[in-house]
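J.: One structure coming up, written as structure tokens, with questions to follow.
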Amino acid sequence: MSEKHPGPLVVEGKLTDAERMKHESNYLRGTIAEDLNDGLTGGFKGDNFLLIRFHGMYQQDDRDIRAERAEQKLEPRHAMLLRCRLPGGVITTKQWQAIDKFAGENTIYGSIRLTNRQTFQFHGILKKNVKPVHQMLHSVGLDALATANDMNRNVLCTSNPYESQLHAEAYEWAKKISEHLLPRTRAYAEIWLDQEKVATTDEEPILGQTYLPRKFKTTVVIPPQNDIDLHANDMNFVAIAENGKLVGFNLLVGGGLSIEHGNKKTYARTASEFGYLPLEHTLAVAEAVVTTQRDWGNRTDRKNAKTKYTLERVGVETFKAEVERRAGIKFEPIRPYEFTGRGDRIGWVKGIDDNWHLTLFIENGRILDYPARPLKTGLLEIAKIHKGDFRITANQNLIIAGVPESEKAKIEKIAKESGLMNAVTPQRENSMACVSFPTCPLAMAEAERFLPSFIDNIDNLMAKHGVSDEHIVMRVTGCPNGCGRAMLAEVGLVGKAPGRYNLHLGGNRIGTRIPRMYKENITEPEILASLDELIGRWAKEREAGEGFGDFTVRAGIIRPVLDPARDLWD
């Protein structure tokens, strides 16, 4: 992309305060243990407010009641979000029963939130329940280590229920990569699990004493599905199979979607192809990419610290050569692969192992007992009788995996009675939002609470123009950090202010093109008016099989983003 102007390998200058905090934290301990015993505040103070993120938690408050509490001279109602580490999204039914119980008894909101990074979150954990949640997870073989902040986050893996053998192999690699890149500090075990301090000094051979410059995201993807949205991630291993068996990976590095409104130095970027590697080099290459970013990433500006910016600064070829040097390998040429879609196949799918897999559409990933739709109770009942496992997808849905023919009817009956199999439109199945209000401190506009009624309106437009059986990949994210992955959608809404969004168009169905801003800071009626006209044109003028995003580019409605580091903001 930008080989012409390679910049310095290391950015000199004053380090950010986050770097000071990590350096002084004694390998992520800080004074979290002491802070836990401070009953005067419901939150964590000073550096601990940020340090708990390395332990998988974010401190939040209920923004719906923030002003009211301020008037009463009360501190915000602090509560933690906890995100579990769950490589590939696979969770046993025993683990599910434990998290269901904790959510119901020990969180403010009582829900389990499936995320588009293939794990679950608890929202609304009061300080007194913070230690118990880590102990509960540990008791069933789970943890929340390194699911937030400057680490390698939860490793994603394509949810492919059909090719069971290939999925099993890819999933094992997702787990191995996750384990290999975990921090080695004993802080987590000491603080949450009461394990004794050992005299040995901590060492972080891969992550280093100050960890990574910024968050780092990794995927294992099995074509032709791009359900995990590889271009949103720093490091991607694309599975290459021969005769149904995994033989190696294509490596793509440097994707990422987060931007800042109006800051043209920030941009979303698709990942760059580095080459093919045989399986035996996987962990060495993963480590080499991470340590190169550790050493070369910008620690003087967190808005310029992600791998995508490092690649653009030093040049893709320079970064790739350093990865080869550190891993002691030479990449082979990229092997052919293609993507055909990224949605989940809702309903029953029979695997080549003759087991059945039931993918349930969970709107916004929010599992709760709703009036007439007791989703949470239904899943608990299934977990009690199901012999296989559950798999969370990167589309915030849930797969009941490995159901023998003899158990199918029993599980389907519970699912139907609980509202887990209610029919929804293809459009709703292909729409997604991040959490946003009321819990996310960064939210600028509604997302999860906005999406259901917004999609009602879109469904009406699709029906009006005779395309109800079609879909447009549509996503809403409450702020430009982009958790809702709107910057890889055909239609992406990025929150700007309460009730206002930037409308992006021109991504594609398979998630390989960044959409461009079409209109700025507009309201829902204005968004719907624009889409009414454009969906009408698409319905009439499209070519056979042409998706909405591709149509908007071909028809000249929007210019495609070809080189986002240079042309995203044009």
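Quick reminder: no glycine exception, Cβ is built from N, Cα and C everywhere.
Grabbed the feature section from Swiss-Prot, which reads as follows:
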type	residues	note
BINDING	C434, C440, C479, C483	[4Fe-4S] cluster binding site
BINDING	C483	siroheme binding site
J.: So among the binding-site residues C434, C440, C479, C483, who's got the most Cβ atoms within 10 Å?
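T.: Selected residue: C434.
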J.: Can you check what DSSP calls C434 ([4Fe-4S] cluster binding site), collapsed to helix, strand or coil?
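T.: Going by the DSSP assignment, C434 ([4Fe-4S] cluster binding site) belongs to neither helix nor strand, so it counts as coil.
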J.: Given the recorded [4Fe-4S] cluster site (C434, C440, C479, C483), which additional residues of the same chain have their Cβ within 8 Å of the Cβ centre, ordered by sequence?
T.: V435, S436, L442, A443, A447, T477, G478, N481, G482, G484, G495
J.: Let me know the DSSP-derived helix, strand or coil state of C440 ([4Fe-4S] cluster binding site), please.
T.: coil
J.: Reduce the DSSP letter at C483 ([4Fe-4S] cluster binding site) to three states and note it down.
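T.: Coil, per DSSP.
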